[in-house]
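Listed in TrEMBL:
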| type | residues | note |
| --- | --- | --- |
| ACT_SITE | Glu137 | active site, proton donor |
| ACT_SITE | Glu241 | active site, nucleophile |
| DOMAIN | 1-299 | domain 'GH26' |
Amino acid sequence: MLPLMHKKTIGAGALIGAMMIAAPVMPQSLPPGDIPFGVFDPSGDFSDVTGIAIEHLFLPWEDVFLPSLAEAETYSKDRGRSLLVTIEPWTWTRDERNSPAVLQAGIAAGVYDETMTTVCSSLGSLGRPLTIRWAQEMDDESGQFIWAGWAPQTYVDAYQKMIDICRVSAPNASFMWSPLGFEDMADYYPGDDYVDVVGLSVFSLGPWEKQVLGEEQSFDDIFAPRYARAQEFGKPIMIAELGFTGDEEHMALWEADVRSKSAQYPELDAVIYFNQREVYPWPNGFGLPDWRRPQNVTN
């Protein structure tokens with residue numbers, strides 16, 4: 001497994017040690033199309049797949065073994081992949097997490113300034129361009145993230161502080177502002193000077209859509225309105241997290257669309273697949289969908 005690539009559910013101990021990439025259980029391939037493709041791939045299923053443009057890493061800013069970043073950087077560099085690094089402002093040890101109020105107050109008071117500097121300096125020491133995505137999906141209403149659902153200006157102030165610190169410590173970095181893409185996303189926009197690219201999240205769980213929405217959703221159904229909102233900022237757009245699962249027909253339709261619509265979405269610069277089981281339960285009893293390819297076909 002790649003260090004620093006486990007999302008949200010494991011602590012620092014699991015990030016220590018040598019790189020151990022297991023051989024893929026089944027051969028992997030890219031969806032058809034010409035839009036650059038990336039992966040969050042903690043199991044290394046795509047380790048031997050050519051044509052991957054972006055390696056996506058997740059790390060918490062507490063209880064993280066930052067030296068293992070060098071191993072992840074070597075892994076991505078050896079494969080000709082650029083780095084997208086999502087920094088989550090919490091610990092992955094669930095029973096030790098702050099409350100939203102404590103995190104807000106701590107950021108405002110400078111309690112986390114040293115943490116921000118340390119994490120960004122570690123990324124800056126890698127010595128090559130990369131993209132930093134901090135405190136993603138701030139417009140989420142599910143309760144998953146302690147930084148989501150804040151008063152917009154509170155979030156904006158925190159985001160700007162993080163980027164100001166990172167610019168000094170990681171001068172080769174660019175910065176992704178990454179809402180889910182809901183109707184109120186513009187309320188959280190931190191300003192053109194703080195955003196190099198807009199990242200969106202796009203997930204489709206066919207069985208949930210049938211039960212809750214009455215029919216399965218196409219790629220365009222979910223992505224088009226989010227893309228239109230993101231276009232208003234005049235920045236390049238990426239799908240920072242993509243996952244889809246359902247029956248064979250649903251999967252085939254999504255597979256055909258996600259990289260092939262560059263004419264329809266000209267500002268879409270990359271699509272990055274979330275190749276892991278979900279870590280936060282979907283509503284209505286749908287549990288933890290398995291987004292991994294190609295195991296993500298359900299009956």
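If you go along the chain as it appears here, the first residue is 1 and each next one adds 1.
Every residue gets a Cβ built from N, Cα and C, even glycine.
Automatic prediction, not curation, is the source of TrEMBL annotations.
Every protein chain shown contributes to the tally, and the Cβ of the residue listed as 'active site, nucleophile' ends up with 25 other Cβ atoms within 10 Å.
Cβ contacts within 10 Å of Glu137 (active site, proton donor), excluding its own Cβ and spanning all protein chains shown: 23. It is 10 Å from the Cα atom of Glu137 (active site, proton donor) to that of Glu241 (active site, nucleophile).
DSSP assigns Glu137 (active site, proton donor) to coil, not to a helix or a strand.
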